[in-house]
Amino acid sequence: MAEKVNNFPPLPKFIPLKPCFYQDFEADIPPQHLSLTKRLYYLWMLNSVTLAVNLVGCLAWLIGGGGATNFGLAFLWLILFTPCSYVCWFRPIYKAFKTDSSFSFMAFFFTFMAQLVISIIQAVGIPGWGVCGWIATISFFGTNIGSAVVMLIPTVMFTVVAVFSFIALSMVHKFYRGSGGSFSKAQEEWTTGAWKNPHVQQAAQNAAMGAAQGAMNQPQTQYSTTPNYTYSNEM
């Protein structure tokens with residue numbers, strides 16, 4: 001079996017760094033979980049883009065007469081939250097759907113709830129916190145309308161991220177509870193060390209993929225058991 005080579009993030013060749021993770025949705029994720037996993041990945045991308053747009057909004061805030069603190073913090077949030085959100089909540093849910101790991105699901109719930117709280121705070125927009133939220137944007141309309149209009153763009157995006165994050169958390173929680181997952185199951189994985197055993201993870205992945213393949217082939221198997229009748233042409 002060929003060794004999997006890390007391919008994410010896809011860095012340009014002139015950067016003297018190598019990708020840190022291997023990511024292949026079609027190869028790793030069972031078909032029944034593929035759509036939800038990709039949606040969570042797109043949510044991470046939207047959050048990263050929003051942080052970049054927020055940096056532009058804070059630059060307009062600075063040019064319009066705001067303090068430099070917000071711009072500095074916006075830059076810090078961009079370089080900090082983009083990789084941390086990928087490592088802390090997307091990789092756990094990717095691994096959870098890949099290996100059906102309750103421990104990974106619990107890690108996702110813990111970190112993603114923190115992500116949801118952060119998204120709400122960003123949408124609110126407390127002045128001096130480096131985010132163009134509603135409070136900061138609305139209050140700046142009286143100072144510089146042009147800058148406030150630019151600030152309104154990341155404000156709306158932060159709001160969308162917060163709403164989508166709540167929906168995503170609800171969807172994953174509903175799936176996890178419906179599949180029989182529980183906190184005690186995650187504790188059992190932690191105690192036995194199954195969450196970090198590559199052989200157990202591979203077996204779980206193969207079982208999940210096999211179950212998905214069996215579900216897809218079930219109608220074909222059902223029809224294959226129908227008796228075949230042959231008739232002789234001789235009279």
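The backbone N, Cα and C atoms fix where each Cβ goes, glycine too.
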I'd like to know whether Gly64 shares a side of the membrane with Gly133 - going by the topological domains in Swiss-Prot. yes
Give me the stretch from 68-88, 103-125, 149-169 with the greatest number of Cβ pairs under 8 Å to the transmembrane segment (40-60). 149-169
Taking a Cβ cut-off under 8 Å, which residues six or more beyond the ends of the transmembrane segment (149-169) line up next to it in the same chain? 39-40, 43, 46-47, 49-50, 53-54, 56-58, 60-61, 109, 112-113, 115-116, 119-120, 122-123, 125, 131-134, 136-137, 140
Residue numbers, six or more beyond the limits of the transmembrane segment (68-88), whose CB comes under 8 Å of its CB atoms: 44, 47-48, 51-52, 54-55, 57-59, 61-62, 111, 115, 118, 127-131, 136
Looking only at the topological domain 'Extracellular' (61-67), report the model's average pLDDT. 91
Grouping DSSP H, G, I as helix and E, B as strand, the residues of the topological domain 'Extracellular' (126-148) number 11 helix, 0 strand, 12 coil
